[in-house]
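Record features, source TrEMBL:
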type: TRANSMEM; residues: 14-37; note: transmembrane segment
type: TRANSMEM; residues: 49-67; note: transmembrane segment
type: TRANSMEM; residues: 79-106; note: transmembrane segment
type: TRANSMEM; residues: 118-136; note: transmembrane segment
type: TRANSMEM; residues: 169-190; note: transmembrane segment
type: TRANSMEM; residues: 196-216; note: transmembrane segment
type: DOMAIN; residues: 234-273; note: domain 'HAMP'
type: DOMAIN; residues: 288-502; note: domain 'Histidine kinase'
Amino acid sequence: MVTKSKKLLINNPLLKFLSLFILSISLSILFESYLYTHRMMEFASSQKSLVAFVLGTTLISLIVYLTNRKANIKFLYSFARLLNIIAPIEILVLILLFFCVIREYISISSFSAYSFDLIISDTIILWSVYIISLNVRCNKDTIKSRFISIKIVNSFISKSNKNTLNKKISFIFIVTALIQFIFIYVSMILFYAHSIYALIKAIYLSIASFICYAYIYKKIEEKVDYIEYIDRNIKDIEKGDLEHELDVIGNDELSSIAQSINNISDGLDKALESQLKGERTKTELITNVSHDLKTPLTSIISYIDILKNNELDEQTTKTYIDILDKKAAKLKTLVEDIFEASKISSGDIELHFEKTDIKELLIQSIVELDDKIEASNLDFIIDTPDFPVFSNIDGKRMFRVFDNLITNITKYSLPNTRVYIDVYTNYGYVFISMKNISNHKLNISPNELLERFVRGDVSRNTNGSGLGLSIARNLVEMQDGSLDLDIDGDLFKVTLKFELLNDGVQLEECSNI
């Protein structure tokens, strides 16, 4: 029986909470009794019995609390841990100061003895002090890291020897705090006769404002640190480290600047890569041009030397002259291609746009190249609409595009295979598709094949400059069209796309075939 009673009276969380609650109220009443003893001696003297009762209650509550001080009031401890997560120590102190200010204003405006509002205010202040002390005791290991002021002081000390923006802001912060303290102190002297009381008030209000300033300064410092971080990393980028990427923190103007710097860095990296690729292309261009010019020139020089230094019969002489004619024609074509590619690249070319039936222009091109098609042993299967297909293009330049593409087909297609050329319209555009089977293994990407002086025939045994596709693509793009390549195994497909001009003719929309 005694043991059960002991368990109920010792280390009981409920008794601990009740004793704390009664103790805080009784201490508040005693505190108000002490103040009124000085203010209203007669009233206080008449309330001696009340004071004695409250004093006795205080002693009993204190004894009960000490008996149960080791008990764990779960909801208070949980609340203390929550404060550890969400609120720095300075914020808790600021809240306590706020309650003190409220209490002071109630005291000034209240003239009744043992004011209920004052007792409640005192009780709240006591509970605030208890919860803050509980919070500190429950989180001893992390308490130092929760002081914003300590972080600010450490930051200021670490940057005091550096000419940084943070140092200047810290200096402004300190000067502002001092000026504010002086201003508050002077203002308090005007309201209070005692300078000590005015000083206490000034310190009190300055501490409250300092906590607010500290929080604002911390936020500004984080942004300034981020600015300095961006500045340091920009210097790395200036030194050539284009792959260096900034951390994008937050979602404000600074993070937008960091993202823009990353984009600029990526753009510079791509531009540098493109420049290096251009340099490699120039080197390859010179090599390829030298090879393509050297081969016919060497043959021409050799045959001319034979004709000059040997007496040949008429038939042999005629044969050699025919060979010279072909070599010269090849050389002439190569030079013309190089000249045209150069003009297109520099933009030094005039286009004459006019409404043109692109279907008829394609058929005309095929007819013009009939000899090459017959000699290639290829079966051309052509499918075009039954109506005119108009587009705004340069007919002369477009004829050159068709000539280049069809000539490529006759040169590089596998003999005795079919070639499909289709013209169709779809959603306001005209498409021209050319498909053939390559005679050579295509170990090359479509983008590489569209570069100048690049051939699908890597051995370069076929006649050609490697400029046909490049010239065709550039001419098409200059006419606001597009040229796309698709390579699937040995299947080679070119697709041209132009905007369709519809002059009231009802065109049947069809799918891509």
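Along the chain as shown, residues are numbered 1 onward.
A Cβ is built for glycine as well, from the same backbone N, Cα and C atoms used for every other residue.
Caution: TrEMBL annotation is automatic and unverified by curators.
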Averaged pLDDT, computed only over the residues in the domain 'HAMP' (234-273): 76
Other parts of the chain folded back onto the transmembrane segment (118-136), taken as Cβ under 8 Å at six or more residues beyond its ends: 20, 24-25, 27-29, 31-32, 76-77, 79-80, 83-84, 89, 92-93, 95-96, 99-100, 102-103, 106-107, 110, 143
Three-state composition of the domain 'HAMP' (234-273), taking helix and strand from DSSP: 26 helix, 0 strand, 14 coil
